[in-house]
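Here's the structure we're looking at; comments come further down.
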Amino acid sequence: MARIGESADLLKCSFCGKSQKQVQQLIAGPGVYICDECVELCNEIIEERLAEASEETTGEFDLPKPKEIFGFLDEYVIGQEAAKRALSVAVYNHYKRVRAVSTIGPAKTVGDEIEIAKSNILLIGPTGCGKTYLAQTLAKRLNVPFAVADATALTEAGYVGEDVENILLKLIQAADYDVKRAETGIIYIDEVDKIARKAENPSITRDVSGEGVQQALLKILEGTVASVPPQGGRKHPHQEFIQVDTTNVLFIVAGAFAGLEDIISQRAGKKGIGFGAPLHRKDLNADVFGEVLPEDLHKFGLIPEFIGRLPVVTTVTQLDQRALMEILTKPRNALVRQYQRMFELDGVELEFEQGALESIADLAVLRQTGARGLRAILEEVLGPIMFDIPSDDEVGRVVITRESVVQNAAPTIVPRASMLRAEKSA
């Protein structure tokens, strides 16, 4: 490129048409010319486009307030008020931090340069109580990429199993390989209690699926630029990698932590003196998980560095019969509504008597499967009738009774003709 000086021919900008005498500079290219004013205008357009793209990929979205997030969770998740409240605040603060980072700089406020640390979440509670569903619903409300990983499949680098970087690959896939969007997503790591250290004291033998995995997770939990193999599997030196910055990825790690309640109860029942002495209580609360302290998690088998990267700790409680009844009918996508919709697609109404719903909830409590077991029970009850209904055009309504659940009795069938006669007489 060359600057055009004075010449016999009067040259013009190929974009705005101004002559070389009307502008300060005219830059020549192969058969075209551009003036300094058009260059400046192009720079402004490029900056605006880049800023718009940055807003879309770095968290500049309509961030709902904690009460709005809580209200949305309330529409889908029954009970677990404390967990919903804690998650609403934690998620709001996380994405508020992401927004600050994208507009101000690397996690610093203007002037005082206060660094805003990331707050990942540890979710503790029995199986079937809605831990995974809470995280899925959060991601749905925020419209961010969401990935679920199983901690039991992970092993330390160099051993048979999955590397921790494969977790990030799932998030990238959930974002349709939009890395920038994935970098503000949510990763839910389940069964994290299964990677607890096998013994309270460090062992001289290698614990590749326990403490080793905790060590491997530290960096991505805290925030690092990880090299992710695009096809998954083990890394090898002759492959290309996707670079993913986990600084703004929210990690929600969860587990049932069976046996943790005994550790908490043992600590709460001890006597001592000084600042570390527990308060004496005559009896423990039913929700003993709500009393968990970092020292209990350490005794369970989580290393201190891992605990330190999960500053927000919240718990979910065992669901009782009343809560399970509400889960069947109240949420926007309640199980009963889902099955009623499936029957509607065959032109059949599905009705549940109150006694049937109570019996389904009682069975789930008895089996200790929580909300996850409700669908299995409904499949057992409705399976035979769902086999027959598509082939029988005479059926207009199916009524599930208590006997249908408890004694495997056939449901009450209302013929379509009877329903039509009742409608005409009405």
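Including glycine, each Cβ sits where the backbone N, Cα and C put it.
Swiss-Prot lists CYS13, CYS16, CYS35, CYS38 with the feature Zn(2+) binding site, giving sequence analysis as the kind of evidence. For PRO126, THR127, GLY128, CYS129, GLY130, LYS131, THR132, TYR133, the entry in Swiss-Prot reads ATP binding site. Look at Swiss-Prot and you will find 1-54 tagged as domain 'ClpX-type ZB'.
Sorting the binding-site residues CYS16, CYS38 by the number of other Cβ atoms within 10 Å puts CYS38 first. For the domain 'ClpX-type ZB' (1-54), the model gives a mean pLDDT of 80. With a 10 A radius on its CB, LYS131 (ATP binding site) counts 26 other CB atoms from all the protein chains. Comparing C-alpha positions, CYS35 (Zn(2+) binding site) sits nearest to TYR133 among the binding-site residues PRO126, GLY130, TYR133. Cα of PRO126 (ATP binding site) to Cα of CYS16 (Zn(2+) binding site): a span of 69 Å. In this structure the C-alpha atoms belonging to CYS38 (Zn(2+) binding site) and THR132 (ATP binding site) are separated by 54 Å. Fewest other C-beta atoms within 10 Å: among the binding-site residues PRO126, GLY130, that description fits PRO126. CYS16 (Zn(2+) binding site) carries neither a helix nor a strand DSSP state and counts as coil. In the three-state DSSP scheme, CYS129 (ATP binding site) is classed as coil.
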